[in-house]
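Colleague: What Swiss-Prot records for A140, K141, T142, G143, S144, G145, K146, T147 is ATP binding site, and it gives sequence analysis as the kind of evidence. For 40-87, the entry in Swiss-Prot reads coiled coil. Residues or ranges marked as compositional bias 'Acidic residues' by Swiss-Prot: 27-62. Sequence annotations record features per position, and here Swiss-Prot assigns compositional bias 'Basic and acidic residues' to 63-76, 579-590. Annotation source Swiss-Prot lists domain 'Helicase ATP-binding' at 127-302, citing sequence analysis. Residues or ranges marked as domain 'Helicase C-terminal' by Swiss-Prot: 335-488. The region 'Disordered' annotation in Swiss-Prot covers 1-92, 551-590. According to Swiss-Prot, the motif 'Q motif' annotation covers 96-124. The motif 'DEAD box' annotation in Swiss-Prot covers 250-253.
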Amino acid sequence: MAPAPATTSSSKRSKKRKQPVAPPPESDSESEELSYDTAAADEEEGEEEAPNQMEELEEEQEEEKKEKKQKKEMSKEKKRKKEKGNEGGSGILTNMLFSELGVSEPTARAIREMNYTYLTQIQARSIPHLLNGKDVMGAAKTGSGKTLAFLIPAIEMLHHAHFMPRNGTGVVVVCPTRELAIQTHNVAKELMKYHSQTLGYIIGGNGRRGEADQLAKGVNLLVATPGRLLDHLQNTKGFIYRRLKCLIIDEADRLLEQNFEEDMKQIFKRLPLNRQTVLFSATQTEQVKEFAKLSFEKNEESTSKPVYVGVDDAETNATVEGLQQGYCVIDSARRFLVLYAFLKKKQNKKVMVFFSSCNSVKFHAELLNFLQIECSDIHGKQKQQKRTTTFFNFCKAEKGILLCTNVAARGLDIPDVDFIVQYDPPDEPKDYIHRVGRTARGEKGKGEALLFLLPQELKFLIYLKAAKISLTELVFNENKVPNLQSHLENIVGENYFLNQSAKEAYRSYILAYDSHSMKDIFDVHNLNLKDVAASFCFKNPPKVNIDLESSASKHRRKMRKVDGGRRHGISAANPYGRKGGDDKRQFARF
């Protein structure tokens, strides 16, 4: 109670100092105060009540100012709510305020400091169910606010259950990639700023012993990748998880794509069945539905069924409104020249460029930096510390160029990305959606996306259109594309390390192209290898070991493992893959 008067008096003094520069409407009353104060100083000793009257007058004026300020703020808030109501919710936001959720004060305070006011569609439709302890399966576009949708109820559950470190882990969040796990942990850290509960993350690439020590001390909210979580469940004796209350699975479709299904089955067997389960996925496929059945398994006496929330089923576009999308048709031989010209012009912007292989990312990063176009790179062959540092540096940067593989295509919230360039086309439409989802995120988010296509790949646009993705053709001015081919060939030919890197990138590009699931479009035998070699700065195709038969066999084994031998089932009528036999809808959505 003691600090309150001190704060009040200090605010009074500061306001008195600011009075001489107050706005005109208040200057009249201010001059009256000053003249009254001067007159009071000249009064006789018999008029001792004047100072008290002056203090009372000041207090009345302060109260009037506060009331006016409060009324002004209330009117502004009402106006904003009215505008929201007239618009029916702008973009992904609704008219529902976070202050209406009724969460605990520590959580509410953290949300205010994170400057969140209105809930998104997925948050408004899922958080109330989750706060009531329901199981939820959610589907929403990337960048729609799914992370807050599952973290806020989870933190509230820990708070009301009075979880302490000695109680062990109460919430587990499973993420498909290390970067997404770290990012989710950082969001949870902000939300739990005023809570007493503990949190941590365990991911591949980090020291296992340090993680085991952390788990033994008690981690109430744990973010993990599947492989490392299963490792600790099997081998870490000090890991207390018998009181687990909630399991959250983020980006379930990506988990399945990365063949984590068997790991997840083993995780389900070890975790308590009497728990709340939350599953979020950007796309809904038959495989995700089957996986959901395993995820929501309960004890026999449990009769509750999960609540299904799909917020974009009626949308006419599979991508967000603020995204401008285009494609350009370029021969293999000129692909890099066009990319170079584009990036040179956009060096003051924030750009992400997607490639099909780690070696291709590595080579192009080395070459572009050699050509004085500064860029960073992220791919799966890097050590975790390098990936993490690069990722957070790019997040903080106002401008920059990041070259990456699909490791950066899902879930990551990178602020203010201006351009997404898909130098190598994605494997299928849903991968396209997730790549472009790195830009135009959140309410009123804006960004641009550019897809490079070879002339024989134009049929891919039919599949994109079937997936509710419309692109505009862009034509590059040939006069603005520099004629550097011979110069680039000399650079790569004379630099041993660049030459070796280029050979590996060339080989990986061909193998990645051969592994495309949509072989009616991406047929490796239709490639002009001399032109492909030119895009990697070779005059003639280099001598590299390319065993396409082995690569094809590996791809067939992968398909048998992923889809029970039925292959992908992708077609123009069903760009998301095979559906169940009784499913008559074009898209398997909830």
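Cβ from N, Cα, C; glycine included.
Could you tell me the structural context for the features on the list?
Modeller: A140 (ATP binding site) is surrounded by 23 other CB atoms, counting those within 10 A of its CB over all protein chains shown. Classification of A140 (ATP binding site) by DSSP places it in coil, neither helical nor stranded.
If you average pLDDT over the domain 'Helicase ATP-binding' (127-302) in this model, you get 91.
When the motif 'Q motif' (96-124) is classified with DSSP, helix, strand and coil residues number 16 helix, 5 strand, 8 coil.
Mapped onto DSSP helix, strand and coil, the motif 'DEAD box' (250-253) counts 2 helix, 0 strand, 2 coil.
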Colleague: Residues of the same chain, at least six outside the motif 'DEAD box' (250-253), with any C-beta under 8 angstroms of its C-beta?
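Modeller: Cβ under 8 Å, 6 or more out: 146-147, 150, 173-176, 180, 184, 279-285, 287-288, 291-292, 295, 410-411, 430.
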Colleague: By the count of other Cβ atoms within 10 Å, pick out the sparsest of the binding-site residues K141, K146.
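Modeller: Sparsest of the binding-site residues K141, K146 by Cβ contacts within 10 Å: K141.
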Colleague: Go through the chain and flag residues at least 6 beyond the ends of the motif 'Q motif' (96-124) whose CB is under 8 A from any CB in it; none is fine as an answer.
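Modeller: Long-range Cβ neighbours of the motif 'Q motif' (96-124): 84, 89, 131, 138, 140, 144-146, 148-149, 152, 155-156, 159-160, 190-195, 309, 311-312, 443.
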